[in-house]
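Taken from Swiss-Prot as is:
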type: BINDING; residues: K25, R28, H57, R74; note: isopentenyl diphosphate binding site
type: BINDING; residues: D64, D68; note: Mg(2+) 1 binding site
type: BINDING; residues: D64, D68; note: Mg(2+) 2 binding site
type: BINDING; residues: R73, K151, T152, Q185, K202, K212; note: dimethylallyl diphosphate binding site
type: MOD_RES; residues: M1; note: N-acetylmethionine
Amino acid sequence: MEKTKEKAERILLEPYKYLLQLPGKQVRTKLSQAFNHWLKVPEDKLQIIIEVTEMLHNASLLIDDIEDSSKLRRGFPVAHSIYGVPSVINSANYVYFLGLEKVLTLDHPDAVKLFTRQLLELHQGQGLDIYWRDTYTCPTEEEYKAMVLQKTGGLFGLAVGLMQLFSDYKEDLKPLLDTLGLFFQIRDDYANLHSKEYSENKSFCEDLTEGKFSFPTIHAIWSRPESTQVQNILRQRTENIDIKKYCVQYLEDVGSFEYTRYTLRELEAKAYKQIEACGGNPSLVALVKHLSKMFTEENE
């Protein structure tokens, strides 16, 4: 019986394990460790929280890739192109509940409440993102930021929220988490359309092929209401390199990349201020600095 159970588990988790062996940046783990400078959570609890966050993050990537019709993840074929859509959906959902099971081992009455709230947030944000894309509705910058805070903030909030349950540090970290959530996502949007590293790792400008409204394209659409070029390119879900290169040049010409860099610099400065106000945190500052290189160095 045990053997059969083990085999079933192996089959169920294979798509998830496939994703795990792809090289990742482990940003969420580094973030939790950096926040522990303040929170001083016991090591055993911290490990469980880090594991839960990584599980949920990776499971959500499996689903994301299906919802976005992605071809590559970190330069490798997406899981559903190997295992098929049904198995991958099931595997990802299974991992969500394994995460919940792990949260129960934390043995804190509020842990499951928090887990539920943050996963609801994550799905609300994701749902809006998909709705805008599939109905060709361009959100305003404010609407986009609110969605990002639900989507990225969902998992950031979960890790730090769970840590705070086991900490005597009671400062409100939400403003800083929000700043970091926006910083991470807008940086990602920028990298997808502008950075060398990304085009080697993801198919070139994948956000354009996906038809996704991202920070630079939203700026271009609202700042040039008389032109519908960007909307039309997004609507095509194009894989044509020339059209994508043209779109990137257009975003450059209308100042969307410049505006995105400006926004990232503002968020970076705001994060340092908020970190200072919470009593300083060298490892968190180092993490933000490291992530900022991408949009400062290439323009020096």
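Every residue, even glycine, has its Cβ placed from backbone N, Cα and C.
What Swiss-Prot annotates, mapped onto the structure for a quick look.
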| residue | record | contacts (Cβ under 8 Å, 6+ apart) |
| --- | --- | --- |
| M1 | N-acetylmethionine | none |
| K25 | isopentenyl diphosphate binding site | none |
| R28 | isopentenyl diphosphate binding site | I50, T53, E54, H57, L155, F156, A159 |
| D64 | Mg(2+) 1 binding site | S70, Q126 |
| K151 | dimethylallyl diphosphate binding site | E121, L122, G125, Q126, D129, Q185 |
| T152 | dimethylallyl diphosphate binding site | G125, G181, L182, F184, Q185 |
| K212 | dimethylallyl diphosphate binding site | D68, D129, R133, L234 |
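Within 8 A of the CB centroid of the isopentenyl diphosphate site residues K25, R28, H57, R74, the other residues of that chain are G24, Q26, V27, E54, N58, L61.
The binding-site residues considered are H57, D68, R73, R74, Q185; of these, R74 has the fewest other C-beta atoms within 10 angstroms of its C-beta. Comment: isopentenyl diphosphate site residues K25, R28, H57, R74; largest CA to CA distance 16 Å, whole number. For the recorded site, R73 (dimethylallyl diphosphate binding site), the DSSP three-state label reads strand.
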